[in-house]
Structure formats: structure tokens, C-alpha cells
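Beneath this line is the structure, given in C-alpha cells, with notes to follow.
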């Protein structure tokens with residue numbers, strides 16, 4: 001256990017930087033922030049996935065501060081463990097206050113919609129019961145006796161209301177998956193239709209039954225039954241509009257991530273733009289690999305280095321030979337571009353070589369550690385039940401033997417901001433508990449997985465902004481383009497209509513498949 005704790009203090013260094021380097025990178029990032037995030041988000045619509053309140057991302061500073069550092073920075077940099085430094089700027093304070101105001105507004109809108117739906121639903125279910133009970137309460141002595149058919153209608157009303165209650169609970173009372181910028185048009189229309197329908201029934205009931213004190217109790221009960229039947233038909237209409245209408249594919253959408261160009265295709269039905277954006281985001285967290293800004297720093301640093309190397313000197317004095325300067329810069333850039341592909345080739349070849357080497361070391365270290373686990377399990381079977389080691393202790397016992405190889409591999413592939421020591425230990429103890437192989441343990445680290453595979457604190461996309469030239473409540477059309485923006489990147493969605501396919505039938509005569517084999521005497525057959 002002491003070895004595991006020593007390795008824990010050593011391994012935690014790869015996610016922390018020295019105080020000097022952290023401040024320098026943080027100041028540099030604050031200087032280069034783009035001002036468009038302040039004034040460009042005032043008139044945009046937000047689509048927020050249900051996530052915990054906004055918190056500072058643990059991997060943000062590490063991923064951005066890694067730019068400009070070599071692969072062996074951990075051996076030459078002083079690591080601070082057990083302490084933390086936090087700084088905040090005026091822009092961060094303004095952004096946090098804006099997020100809090102937006103979250104308060106979204107919560108109010110969400111609870112207002114739920115309150116209105118609950119009130120309308122309660123009115124719907126109490127109305128048939130009130131139609132039956134009010135004559136019994138107000139003019140019971142003047143009512144005609146209810147016969148056998150009338151009493152049988154009570155059972156019909158009870159079971160129909162039960163079916164309507166279960167269907168309404170299954171269709172409407174579900175946990176919301178997102179906060180949309182606008183109301184769902186079909187859902188709002190259904191609420192308005194139900195309210196007008198029930199109001200018209202109450203109006204007719206008050207004028208023709210309450211005012212005149214109708215004594216035909218069988219007709220009153222039949223009136224309540226007709227209301228329940230109409231409500232059941234409205235529920236069927238809601239199922240068609242809210243669930244069945246969007247099932248048939250009508251559009252093919254292409255989703256492209258703006259930073260690295262990763263793309264996916266999806267088939268959607270007849271949806272509004274905001275609901276199509278919600279479907280795209282649900283599939284994004286499952287299908288797209290996790291966004292890693294550290295992988296983009298190499299190309300940016302290489303381009304900046306080429307541009308910084310261009311210098312033009314004007315020997316004729318200021319204001320002379322401007323066109324000559326521009327031609328000289330273009331020619332110099334062209335010469336550098338001709339030689340930059342060699343540099344890119346050797347950089348990528350060297351990076352692949354280091355990744356393969358450290359991957360091989362990691363695989364060997366993990367296989368040796370799991371072999372040690374099997375040996376420990378054989379020894380534990382001979383001990384008393386009170387002395388046996390649980391999976392967590394076993395994971396802590398074998399983790400030091402693979403920690404350094406895993407640390408170097410994650411640094412080389414720039415994944416260290418997504419994997420903390422605690423998450424690695426939990427995954428290792430999970431693999432030990434379920435008797436999984438070393439390959440099953442390494443699957444999470446050898447290849448980057450989808451966003452859902454990682455903790456929410458490691459996500460770079462929690463709140464999204466929907467940008468569209470068309471109204472977000474309008475339906476999808478051929479050629480529609482909208483953008484889903486988050487803090488560090490955006491998703492560009494291009495909609496294409498699935499073409500109309502015309503199939504024709506061609507009849508093949510069965511006799512056309514028959515052949516005659518004619519043998520000649522001259523052949524060898």
C-alpha cells in the first residue's frame with residue numbers, strides 16, 4: 001500500500017503544472033480571448049442538455065497549457081501536488097453571472113410549462129367525474145332513477161379514465177431531456193385543443209343541464225361518457241403527432257465538427273429545427289470521439305512558426321515599392337510552403353514511432369500486472385476469509401507497476417486531461433472484479449472513445465447555442481443549414497431531402513434460363 005501511495009503522488013503530477021507556467025499560460029490565454037463571445041451570444045437561442053450546473057472544467061487548463069511543451073516535460077518540470085491555485089477574471093465573472101441568469105430563466109420556463117400541463121390534465125380528469133356527481137349533489141331528489149344500463153356506464157367511465165390516465169402518464173409525464181429555446185408547437189396545440197374542448201363541454205353542461213336542472217340522469221351519464229371517448233381520440237391524435245409522425249425518415253443530415261472535420265450522417269423524419277438539433281446532440285455524445293483540443297496545437301504552432309519567420313526589409317524608404325514588398329512576401333511564403341511538407345512528414349513519422357513504442361511498453365506492463373493479479377488470487381485462496389484482498393486493494397497493489405508506462409502513453413497521445421488517477425483505479429478495479437483481460441482494460445486508453453465514456457467534468461461541451469437563419473420552430477427543408485455552437489467548437493448541420501425513388505419491375509420468362517448442349521463428333525467429349 002505504501003508503494004501505491006507513493007506512485008499516486010508521483011502520477012498525480014501529470015495533471016498539474018508548476019505555478020509559474022500555469023500563470024503564464026493563463027495570462028496568455030486571457031490576452032488572446034476573442035471578444036465575439038460577449039456580444040455574439042445576446043440574441044442567440046440556447047439548447048441546454050440536462051447537466052449539472054456549470055463548473056470549471058478540470059481538463060481545460062491542462063489541455064491549453066500543453067501547447068508549446070515537448071513530450072518529456074514531466075521529467076524537467078517541477079510538479080506541485082496536494083495544492084491548487086484558482087484565478088478568475090472579470091470576463092469569467094460576467095460569463096458566470098450570465099449563465100446563472102439564463103439557468104434561472106430556463107428553470108422558470110420549464111416549471112411554468114409543467115404547471116400549465118398539470119392544471120389542464122387535472123381539469124380533464126376531474127371534468128367527467130364532476131358531470132356525474134353534480135346532479136347527485138344539487139338536485140338528487142328530482143333525478144330519475146338510474147337503471148342497469150346507466151349503472152353499467154359507471155364501469156365504462158372508470159376503466160376509460162384509467163386507460164387515459166396511464167396513456168397520458170406514458171406520453172406526457174416523462175423526464176425532459178433538454179431545454180429547448182422555443183415551445184414544442186404540436187404539444188402546445190394539443191394543450192390548447194384540449195382546453196377548448198373541455199371548456200365547450202362545460203359551457204354546454206352549464207347551460208343545458210345546470211340551469212334547467214335536467215332530471216334525465218341516464219342522459220347526463222351518457223354525456224360524460226361521450227366526453228371521455230372524445231378525450232381518448234385526442235390522445236390517439238397526440239400519439240400520431242408527437243411520436244409516429246417523425247419515425248419515417250425524410251431527411252439525411254450531415255454533421256461536421258468545425259475544429260477537426262469529423263463528420264457523421266443521420267436520417268431524420270419530419271421535425272422542427274430545434275428538435276432536429278436535439279436529436280443531433282444526442283447522437284453526437286454517442287458517435288463522435290471526445291473533443292481533444294491538444295491534438296490541434298501542433299498544426300497551429302507550425303503555422304505560427306512559419307509566419308513568424310517572414311521578414312521584409314524596405315531599403316528604399318517608407319512608402320516606396322509597396323507592391324514589391326507584397327510580391328516578396330508571397331514568394332517567401334511559397335518557398336517555405338514547398339519545404340513545409342517535409343517537416344510535416346517527419347513530425348508525423350516521429351510521433352507515430354513514439355506512440356508505437358510507448359504503446360508496446362504499456363501493453364507489456366499491463367500484461368505483467370494482470371499476471372501478478374492471477375498469482376495474487378491463487379495466494380488469496382489459501383488465506384483465511386478475513387485476510388482476502390478486495391478488488392480496490394488489488395488495483396492499488398498492481399497499479400504502480402503500470403503507472404509510469406500509462407502516464408507516458410497518455411502524455412504522448414495527449415489524453416492525460418481525460419483520465420485522472422481515481423478514474424483509472426476505478427476502471428482497473430472494475431476489470432479485476434469482472435475477470436476482464438488486459439486488452440479489455442486497455443481498450444479505453446488505446447483509442448479515444450465517445451464523449452459519454454468520460455466523466456462530465458472532462459467534457460468541453462455542456463451548453464449549446466442554436467444558430468439558424470430560419471425560425472427554430474419551422475420544419476426541416478431541403479438545404480437547411482444550422483449551427484450548434486459551444487465554448488470551443490461548433491457543429492455544422494446540413495440537411496438534404498431523401499430523393500423520391502422510383503422502382504420498376506421487369507418480368508423474366510422462366511424458359512429463357514433453359515439451354516441446349518450440342519456435342520460435335522470432332523470434339524474430345
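Quick reminder: no glycine exception, Cβ is built from N, Cα and C everywhere.
Curation plays no part in TrEMBL annotations; they are all automatic predictions.
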Candidate ranges 42-64, 65-87, 88-110, 111-133; TrEMBL annotation transmembrane segment resolves to 111-133
Checking 184-204, 247-267 against TrEMBL, the stretch recorded as transmembrane segment is 184-204
Transmembrane segment per TrEMBL, picked from 13-32, 153-172, is residues 153-172
Residues outside the transmembrane segment (153-172) whose C-beta sits under 8 Å from one of its C-beta atoms, at least 6 past its ends, are 117, 121, 125, 128-129, 132, 221-222, 224-225, 228-229, 231-232, 235, 238-239, 242-243
